[in-house]
Amino acid sequence: MAKFNPPENFNFERPSDWQTWRQRFTRYRSATKLDKEDGAVQVSTLIYVMGMEAENVFKSFTFVGAEDNDKYEDVLAKFDNYFVPKKNTIHERACFYQRVQKPGEMAETFIRALYELSENCDFGVIKSEHIRDRLVVGIRDKGLSRRLQLMSDLTLETANDAQQIGQQERQAAAHVQEVTHRRPSKRGGRHPARGRGGGREQGHSDDSKCRKCGKERHKFTAKCPALDSECRKCGKKGHWERQCFSKAVRGAVTKADQSSAERWTEQINIGNTPVRFKIDTGADVTVMNLQTFESLKPERKLLTYSGPIDSPGGALHIMGQFTASSLHKQKKYIFNVVVARGPTVSNLLGRETAVEMGLVKRVDQATIASRQKGTLKTEPVRIELKREAQPYAVHAARRVPLPLLPKVKTELKRMEEEGVIERVTQPTDWCAPMVPVMKPTGSVRICVGLQKLNENIKRERYQTPTTEETLAKLAGSAVFTSLDAASGFWQIPLHTDSCLLTTFINPFGRYCFKRLPFGINIAAEIFQHLVPVRCQRLLMRLMRFNAKAEYAPGKTLVIADALSRSPINDKDSTTETVVTCYVNAVCHSWPVSQHKLDKIRSATQDDGQLQSVLRLIKNGWPERISSVTNSAKEYFIVNMLSHCNSTVNEARRSWNAYMTDIKCRERARETVWWPKISADIKRSVEICTFCQENKRTQRKEPLQPTPLPERPWQKVATDI
């Protein structure tokens, strides 16, 4: 009988390989007829083959009976429970349903992965159907996926064959396209050169051979030995070098349009010979072709260059390197040049040399704004406390894990440098604890527990928009964008009287906020109240224009990109200036004739009451209405009037269309205003003869209440 070597010792550092090793030992047990031996012999052989570590694991097992440790099946079950973790069916199925074909992954590898993932999913008798569905949905060829989804009687074997055929068709199409674009040989006239092997490709024409390994075609593709092999030519998995469809294409020459963009070339004198180089920011070294090198005077000696140089056309044939000295723009430069041989090798100026000569300037990002957080142009926020507020302070900082201490210190220092917080050295009535929270980026977020302070704050009531209101405003929109107000609360200054209320303690001392902190209950309402005001200035500027938004690719926005990289440092105009300009524009575009406008101005000058109002507008309104003259008190409710629109128009004709008093008032309010405008219009409509004659005479029937009954059940009625 032939002798069989036992499997190698089990690697306890990889418990996931237990099922594979166990299967190999089971075959060894059957081949050597070990299963015919006594149970103790089988157990001893199992532990011996597994290795030394198996002894310690076996000693840790607890058996019910004294003789159970000699039963092979019981011992094997103990090892199964030890190495195989408890299955989580939900997690295993989630991994199965999320598996898709990866870029460059062969069809056989994808199918085999689906089989392996389905082992722990407990699909039962419909296991093949689940694999079929995942195969159809997860393949990268979406066209084939749609065609397979339309087949009602699709089976797993049919889907597998269709994917195999589709993969072979794509490889064949890529091979044909590659051969079509390959440059013909210059030798042999019109006919291609016939070398060894003739004009046909070896290894791809015989249909009786496997397209992956080159051997006889297998009955099942999963048995091909090249499935998990890596090609030495292209580096891809799934085939061997002799069956590789990828061919080395060296130096594909393309003729550029001379009328397109200007060539990035620069003439550099190397010694006494001018050489024109192409500036290539993607080149790590400076390259020169052999023909140019041989034309240099005086002649130079090449030194050995170690290491290959890859290019889009493949690896270059390196001849050597030399040190060049050049005088460019009255400055001397010394750099290394690599010489390569080939008909398509160009003179390329490397990235480092181009940057050193000042031909290329590296700009990571244009600095158009300061990275430090500014503040909104608004009054500092004052925190108002309730009358019954009781101060609350903690006297010891919460413990911070030692690995987080350096990050917390760095974050506190950054916040202090940006003016968000400041150190507190004086005694304070309020003091809150601090807890650091890790961010996904690896830094920490400083979180302050202001719960006690929130219980004693007078909140501002501001109605924030709901989700339904926002969605209603977005109805009909097709293009959306978002504005990230990062650290928006820190852009709102905090009043000095309220800073100490936000004091918090940490292992490095006590700090208080100079900006509106996160975690305070009034922060969101204050921010929501200030943001619309912040945007009003931009909206005010756009009101003069009939803007039309159109999409344009970023590469076409040349002017906007240039202006954004060179901003004007002048301060923005204030909101009052923008409002004044807009009001003046509206005043000069009144739909009133010049004769009518002159008449209004003349009437305004003759009106003593309006002259008093004009003086108050120019000199400023007092804070209280008691300080305003009696003639101008009626205009105090519109103290935002300017001298451009402080004239009173003759709106007595607002009811000439003979409408109701409500319609007349609505029409008048759209254009003019004067004190007691509603009462005057209502009175004018009531004394109008035509309006009274055509007034509605039909009135609603008055209510007729039912008298109460004198006794119970005297009258019974139903409300229909």
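Yeah, the Cβs are placed from backbone N, Cα and C, and that goes for glycine too.
TrEMBL labels come from automatic prediction, so no person has curated them.
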| note | Of 8-30, 698-720, the range TrEMBL tags as region 'Disordered' is 698-720
| Secondary structure content of the domain 'Peptidase A2' (275-353), with strand meaning DSSP E or B | 8 helix, 39 strand, 32 coil
| note | Helix, strand and coil residue totals from DSSP for the domain 'CCHC-type' (231-244) stand at 3 helix, 1 strand, 10 coil
